[in-house]
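Peer 1: Can you read through this structure? Questions will come right after.
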Amino acid sequence: MGIKHLFQVIQENAPDAIKAGDIKNHFGRKVAIDASMSIYSFLIAVRSEGQQLMSESGETTSHLMGMFYRTLRMVDNGIKPLYVFDGAPPKLKSGELAKRTARKAEATEAHEEAKETGTAEDVEKFSRRTVRVTREHNAECKKLLKLMGIPYIDAPTEAEAQCAVLARAGKVYAAASEDMDTLCFEAPILLRHLTFSEQRKEPIQEIHLNRALEGLGMDRKQFIDLCILLGCDYLEPIPKVGPNTALKLIREHGSLEKVVEAIENDPKKKYVIPEYWPYQDARELFLHPDVREADHPECDFKWEAPDVEALVEFLVKDKGFNEDRVRNGAARLQKNLKTAQQSRLEGFFKPVARTDEEKASLKRKHDEKLQEQKKRKKEEAKAKKEAKAKPRGAA
């Protein structure tokens, strides 16, 4: 699920933190990719007539088709992908996972009913909701990556957190995931839509954490508190607290402790905090996740030449893929992984840190922008009020 409405909040309050560009802009870069999120998106998106792709023996192959061709697309564009797989989820996440399982069960039942009585659109909608990534999907994707010569590692718990560690250490340029909570784990740069198909024509979103914090006027701890208020995988959200309210509460009170205190002491009882809401535990999971340090032996990785014949054996003979396409893909891998060894010019230079004066200037501009927005909203509200007060037919 990630963090609800976080992209919207950053887009509206820290637009300089987001860049949209073409996949070609990332030539020569190493990227750590959230594998489980990618596989889930492949299972949903790679379909034929509303159904997942199957081999002749009835095995699902959508995850392999997506992994093979989307990885090829990255390598064709000079990117060196590293996939990171989820480990065991933190205990605090078990409640959210239980809810997801229940929703899948409901969707499965609705899917069966739609097949009997519903429209094609209903069948497609509920079919997508039943999708879940299994151990078998993960194991087959790992086998495929090994044969392709693409490295992968297993995270102790959350893949996004491990991707963030590698990005902070400079072992990769960025972490790639659709989950915005990757920023909560302190990934300096988050790439979204990297594993989308070319047909979707979605630009790659590049989100810079330091610019987001500057634009929001927050430190990292406040940012995490904001994300918990917005709604994360570890806790159920506070009813009636949307993105604007969450942002206002953190800016006004500065921390979740003070937000909770203000809500509990509010005589109007406008918001009600859930009975079990261990926000401090959730914050701790974001601040100190269970990860391996970047210099750990299990975080060593390298790209190798594909094992062409073993790839053909697995994808063509076992899974029913087209042999010409698989061999063509293997040839592209061999050629383009060598090309991607070229260094980007930016790798020779270190970014210059902003001075205190520059930071103060940015904060001043941000505060001025906020004041302008507040003033505009007041004027709009006043104009609406005056328009309502006018009698009908009045000029």
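The backbone N, Cα and C atoms fix where each Cβ goes, and this holds for glycine too.
Pasting the feature list from Swiss-Prot:
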BINDING   D34, D86, E158, E160  Mg(2+) 1 binding site
BINDING   R47, R70, E158, G231, D233  DNA binding site
BINDING   D179, D181, D233  Mg(2+) 2 binding site
COMPBIAS  353-389  compositional bias 'Basic and acidic residues'
REGION    1-104  region 'N-domain'
REGION    102-121  region 'Disordered'
REGION    122-253  region 'I-domain'
REGION    341-349  region 'Interaction with PCNA'
REGION    348-395  region 'Disordered'
Peer 1: Can you tell which of the binding-site residues (E160, D181) has the fewest other C-beta atoms within 10 angstroms of its C-beta?
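Peer 2: Counting other Cβ atoms within 10 Å of each of the binding-site residues E160, D181, the minimum falls on D181.
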Peer 1: Can you give me the Cα-Cα distance between D34 (Mg(2+) 1 binding site) and D179 (Mg(2+) 2 binding site) in Å, rounded to a whole number?
Peer 2: 9
Peer 1: Pull out the binding-site residues from the set D179, D181, G231, D233 whose C-alpha sits within 10 Å of the C-alpha of E160 (Mg(2+) 1 binding site).
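Peer 2: Of everything listed, what lies within 10 Å of E160 (Mg(2+) 1 binding site) (Cα to Cα) is D179, D181.
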Peer 1: If you count Cβ atoms within 10 Å of the Cβ of E158 (Mg(2+) 1 binding site), leaving out that atom itself, what do you get?
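Peer 2: There are 28 of them.
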Peer 1: From the DSSP assignment alone, can you count helix, strand and coil residues within the region 'I-domain' (122-253)?
Peer 2: 68 helix, 15 strand, 49 coil
Peer 1: Out of D34, D86, D179, D233, which has the highest number of nearby Cβ atoms, where nearby means within 10 Å of its Cβ, if these are the binding-site residues?
Peer 2: D34
Peer 1: Report the mean pLDDT of the predicted model across the region 'I-domain' (122-253), rounded to a whole number.
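Peer 2: Averaged over the region 'I-domain' (122-253), per-residue pLDDT gives 92.
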Peer 1: Using a 10 Å radius around its CB, how many other CB atoms surround G231 (DNA binding site)?
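Peer 2: Total other Cβ atoms inside 10 Å, all chains included: 21.
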